[in-house]
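Among the features that TrEMBL reports, region 'Disordered' is placed at 42-66. Taken from TrEMBL, the feature Zn(2+) binding site applies to 376, 380, 399. Residues or ranges marked as site 'Transition state stabilizer' by TrEMBL: 462. Per TrEMBL, the feature domain 'ERAP1-like C-terminal' maps to 602-652.
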């Protein structure tokens, strides 16, 4: 009991620190911008109050397929026997057993948990009381399945009692198929011989198809995993192997690998593979091992990915201020894999082309692609694994942060690639290209039904999410929840403590629950006067479009002029002017700027291209920018040169 208590305490400390880390990345630009003095007479903008319109924050009706809050899982003892050793793949099968330690939070006569597509032996289901007098718990009265909700209900003949702990035990089995769900089998050729492997893929909600569980991201628990295998195979999992034992199962002799207990994690992050792969390994500068696995004939092609991993992981340790939470990190190149990479905690899976690199066919682009995917997945060891969204509608928090951090990791490992400059022409450009249509969707979208969960993983959350995170972030605020609303509210509280009356949730609403993005119109008036306004940008207008007037944003506006000499550097907090959603336009006075057409002097907006919006100018200013680019393009920020091309092309 003492060991388990220490583990939970350590996890709590780590999570508390993680919340600080996410505040660093997610606060974006909000607090800094409200703290800055505004130039000109744009008026006050406190982020609160009405104005703007547009889609509003959705309510929180309880989705029909969420599990009831009666039981909280604390620990899974899992045993899997992936039988891939038969003569016919039609006979491949998964056998397993699970004991789930649960805390009863409300008196209940039934246990409802996720299970779909599993053959569960009725006589194997039993309940044991933990603590007190212990012993057998209530008898099982009946089992019922609900395929629509993907759940199983265990009806009991006596209630489970609030604040008591119980062990739920059952055995199960299911066919192994080649479909990339739950536990599947795959094959490859090695010296002309077909080899088989078994692997798991539980993202986003396929764990319930592999074992009975509480398959929601917020319901984290510790896992102790045992895998039975044949002697010529290896078993890999999230945690290092603790022991290997001889076991008899179904009348056959097996080796049983028992893995160390994991920290608390969501069911979708638990992972294992049974294969005949080989590995190489290296130690990071923090002392933990990094191991790369692949088919034996490809193991020498894992060196580059391993080099990336051993460079990026210690950097993230320092960047986040939180050491990696597991004893070692493994990566595995899968011959047949649905995803470029999958962030299973401690055991990241990759497509072979996303991890293997041959010096015989050198390619800088291949190296960068591998580094990008590896860096993205390793960022998830903090964003997504250590800290996880409470529900799938905030998937963008996981993926947006990781998509932003992949550039930070790459830049550390290979600064000569200048990947920060590439961000604008990759993530920024692509995000806007898919977010410029009426049929786009906001970052935050309510997830209520099983089919909605997989749909939550689309390109918007990766690319637009990264752009929103990139707008700005600071180091001064911590939060202790994992939904975007709780995050904004806690940041508002911290801002108020610093004397900044900011409703961060209100400010950020437009960027997270509205689809599309704004175009900012910059018009030069009489000497020294700049007028800035916003409108919704759509690549194709149609009569069915929602009212553009309903779509308004609180926009961080930065600008430079020919004479201010800051068009080639990143903006600072003092450079920011707020364009609030409840004002049609803002007027800025810049005394050094002549009137339109008087000289070749120009105004350049969105310095460094940190703001997620397009910029349009009056004709004379466009001409002045073109002249500057022809004379000396280096006076304009690299990212802005890319933005000028993208904006002029899309606004023409």
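Yeah, the Cβs are placed from backbone N, Cα and C, and that goes for glycine too.
From a predicted model like this one, the values you see are computed outputs, not experimental measurements.
Model confidence over the domain 'ERAP1-like C-terminal' (602-652) stands at 90, taken as the mean pLDDT rounded to a whole number.
According to DSSP, residue 380 (Zn(2+) binding site) sits in a coil region rather than a helix or strand.
Secondary structure at residue 399 (Zn(2+) binding site), taken from DSSP and collapsed to helix, strand or coil, is helix.
Across the domain 'ERAP1-like C-terminal' (602-652), DSSP classifies residues as 34 helix, 7 strand, 10 coil. Within 10 Å of the C-beta of residue 399 (Zn(2+) binding site) we count 28 further C-beta atoms, all protein chains included.
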